[in-house]
Amino acid sequence: MRSSIHASRLRKMGQSIPASTGPMARSANRFLQNRAAIFGLVLLTPLLFAVLTYPLWLPYKPNDIDLMAMNSAPSWKHWFGTDGVGRDVFARTMEGGRISLLVAVSSVVLSTAIGFLIGAISALGGRWADAIAMRSVDLAMTLPPVIFLLVLASIIGSGIWSTVVVIALLSWPVLSRMIRARLLELREREFVMASRGMGAGLGHLLFRHGLPNSIDILVVYATLQVANAILLEAGLSFLGLGVPPPAASWSNMLNAARSTAVLEQFPWQWLFPGGALVLAVLAINFIGDGLRDAFDPRAELN
């Protein structure tokens, strides 16, 4: 009664009644107030636009060879200069961004799927499923990551999709533990217990209850893991186990320019792809930190 009287008084005074907002709207508002996250978006958006659209407006292809312009410095004709066989460094930097981001995003999608399924099955599948899943996670986390990465890469081989598989197999255990912790709390709630009592199967529990209640973890993990995957691909390609030439990626462009002569005499061959890699990783980390703060449940208490 008092609330209706108060609302009618507000209407008479011409004041609007504040509408309640949902958790997603509040998270979006917190993200938009994060200056570092917005700065990351400002950095990443033009880079993504250039990487995705460069074939439409750039006259050079990544593997076009011009023997008359080998090791040319940056100019109006070749904005980032050329490499040792006359290939346009700007075109290769844009193509390298495509391949590096393709490897990173694909590996993150695969590792996110593996991590969610194992963590959710561990939490919702019963005692034996929990024991088996967690022992596999413990085994994966005890392996030295660098040695594990090199052994997997040498077994599977080099190539774009081989690199995707290698990075994904290294990245899923942390996510599975996070998902398990979230869903162990969820499975004791009334609506999940009611679903179990009505005979709901594991698939229903995973995708009807587990997935919607893990979206915040998945979004934050995937965003931050993209930056980590770019760096892992860079390490593999720098060691000759990632994306093989002549395909361009930021990391194998750096690998091709690591000789002393190139480092000292032709710095544009490593400066531009290295700068693009650093900017992309920095921007994605800023965005990931912003998403993590936006989805932080402790922010609801402030």
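Any Cβ shown, glycine's included, is placed from N, Cα and C.
On a predicted model such as this, the values are computed, not experimentally measured, just so you know.
Sequence annotations record features per position, and here Swiss-Prot assigns domain 'ABC transmembrane type-1' to 97-288.
According to Swiss-Prot, the feature region 'Disordered' maps to 1-22.
Here the transmembrane segment (38-58) has Cβ contacts under 8 Å with residues 32, 88, 90-91, 94-95, 97-98, 101, 276, 279-280, 282-287, 290 of the same chain, all six or more residues outside its ends. Taken from Swiss-Prot, the feature transmembrane segment covers 38-58 (among others), and the record attributes it to sequence analysis.
Taken from Swiss-Prot, the feature transmembrane segment covers 101-121 (among others), and the record attributes it to sequence analysis.
Tertiary proximity for the transmembrane segment (147-167) is limited to same-chain residues at least six positions away from its ends with a CB under 8 Å from its CB atoms, namely 99, 102-104, 106-107, 110-111, 229, 232-233, 235-237, 239-244, 247. Annotation comment: Swiss-Prot describes 147-167 (among others) as transmembrane segment, evidence class sequence analysis.
Taken from Swiss-Prot, the feature transmembrane segment covers 230-250 (among others). Counting residues 6+ beyond its ends, the transmembrane segment (230-250) has Cβ neighbours under 8 Å at 62-63, 92-93, 95-97, 99-101, 103-104, 107, 149-150, 153-154, 158-160, 163, 166-167, 170-171, 256, 258, 273-274, 276-277, 280-281, 284 in the same chain.
Under the heading transmembrane segment, Swiss-Prot lists 268-288 (among others), citing sequence analysis as support.
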